[in-house]
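Chemist: The domain 'DUF4439' annotation in TrEMBL covers A:4-133. For A:131-184, the entry in TrEMBL reads region 'Disordered'. The compositional bias 'Polar residues' feature in TrEMBL is assigned to A:135-146. Feature annotation from TrEMBL assigns compositional bias 'Acidic residues' to A:147-161.
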Amino acid sequence: MADALAKALSAEHAAIYAYGVIGARTSGRLRTRATAGFDAHRARRDKLRSLITQRGGSPAEPGPTYQLPFEVSSSSDAARLAVLVEQRLTTAYLELAADPDASVRRVAALAAQECATRAYGWQPAIAAFPGMPGQTASPAQSNDASETTDDTTDETTEETTDAATDTAATIDPTPPALEPSAAQ
Amino acid sequence: MEHTSGGHLTRRALLGTAVSGLIVSGCSSVSSGPPEQKPVDPQVVLLRSLIAAKEQMIALYQRGTLSGDVPATALEPFQERHAAHLAAFRKMLPPDATASPSPTGTPSPVPTSAVSVKKLRDAERKAAAGRPDQMATASPALAQLLASVGACEAVHVMALGRLRG
């Protein structure tokens, strides 16, 4: 499970980088949301570093820069990137949820809930099994347009609810959302 | 315990009589107490309680009411996701285990009256908050499933807040 901790830390490093980009491409309410996400991921990164150190490991440092999965040139792109980052982090925390240590499982569970709700804040779509491989989210229904994400409601797809029912094996997470673009 | 009635003896009762006969005849290797019950797997106990709680959540949604201009179908996707969770929990039960909750369990009564969105939100929040504790004793695969289910429930809390019911 030390590997799961390292993967989660790696994903948090990438998320912090991504949120820097997201903040630079947004304004107003979205910028505020980006700032909150940036701060939250820094706190989670520090927690993971602490857990790795407590186990006698050496937490990896972030890469100098990361290659984004697509060009982020608008607030809509930024929101899409934020959703992707949060979804991949949810998967990383689901892997960590299998750790033998109950306290680490708690950290993973709460972090997964935070990531899933942040993703919903960026794009109001809901999956039955957030973080499970193969999950896509269905658009959520709302009668209050002022509370929905400003410009990110057009990217959702149909929900598949059966992808997570084969739970006999533990989760092998998808790769991190972002890869360092240079050697660390 | 096997019961007989009306003078009819079942095969198991007859077998029990035969075992008692062995005891009486001095076979010390057979316990004279009541038949020992196979210890219940803690994972099965946990899964049964999870299944019972999910069934209650679905029952709540079946009585959920909305007001204003919110479409009556707005709660259906929530209920469908809970049904998916329920199916996943049931799938993790061993084939020889029934989904029935333990007889010692005391499930909360499901209200028969209409349930407000606020009450649904409270139920979702409580469910999500309880997942970390449940994960502490769960198998690794079940812990991961519970983390995901809890994340969905946490999102439900937000999404229900956008409905007016």
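Note: Cβ is positioned from N, Cα and C throughout, glycine not excepted.
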Chemist: Go ahead and report the DSSP secondary structure tallies for the domain 'DUF4439' (A:4-133): helix first, then strand, then coil.
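Modeler: Looking at the domain 'DUF4439' (A:4-133) with DSSP, the answer is 91 helix, 4 strand, 35 coil.
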Chemist: Across the domain 'DUF4439' (A:4-133), what is the average pLDDT of the model, as a whole number?
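Modeler: That region's mean pLDDT is 97.
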